[in-house]
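Per TrEMBL, the features are as follows:
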REGION    1-29  region 'Disordered'
COMPBIAS  11-28  compositional bias 'Polar residues'
DOMAIN    18-44  domain 'WIBG Mago-binding'
REGION    84-141  region 'Disordered'
COMPBIAS  89-99  compositional bias 'Basic residues'
COMPBIAS  104-120  compositional bias 'Basic and acidic residues'
COMPBIAS  132-141  compositional bias 'Basic and acidic residues'
Amino acid sequence: MPTVETVSKAGITTSSTGERHIPSSTRADGSVRKEIRVRPGYRPPEDVEVYKNRTSEAWRTRGSGGVPGAEPLVSDDVLVKGSVAANKNAKRREARKKAAATASERKEEEPITKVNKDAGGKGPSEPPVDPEAEKEREAKKLLKKLRQARELKDKKEKGDTLLPEQFEKVIRINELIRQLDSLGFDSNGEKKAET
């Protein structure tokens, strides 16, 4: 069968009689593929052109052309314009550099502060905390734990089953009372009178 010029991207050729077919070919291993006939009117997906709407294409490229007939304004120092995200990132980097530079200048100007020995010499010392307020805060934490443990104990006495973690909390009631006593509070959270 004599063939005419290939018009298809899929490799379909048309013979002089008007029949369309994919010609036989040789595989890499040396075997031969048979010639495949193509039905009249069939268009393979490779040959179907994608529809392009001229209006939407013009709208998409509206700002890239500039004014018709005018020369484009491109300066030597701005050859490639980055994306919006790249520009934002560049601005952020500049701002970080400036902030780091001003921070280092401030450190040079500030006098050296005392170093906190409790923090392992890593930072400036914090203002002293009122020991009474610290004791009250710790007592509140212990009272909450004690209240929860007593509620669990009541549940157990009513016959409910407790999880192992809950049972451990019930066992710790006496320990919590001792800790409150060492802070100067009774088991109800009242501050003991100093004698």
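Yeah, the Cβs are placed from backbone N, Cα and C, and that goes for glycine too.
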Secondary structure composition of the compositional bias 'Basic and acidic residues' (132-141) [DSSP: H/G/I, E/B, coil]: 10 helix, 0 strand, 0 coil
Composition by DSSP (helix, strand, coil) of residues within the compositional bias 'Polar residues' (11-28): 0 helix, 8 strand, 10 coil
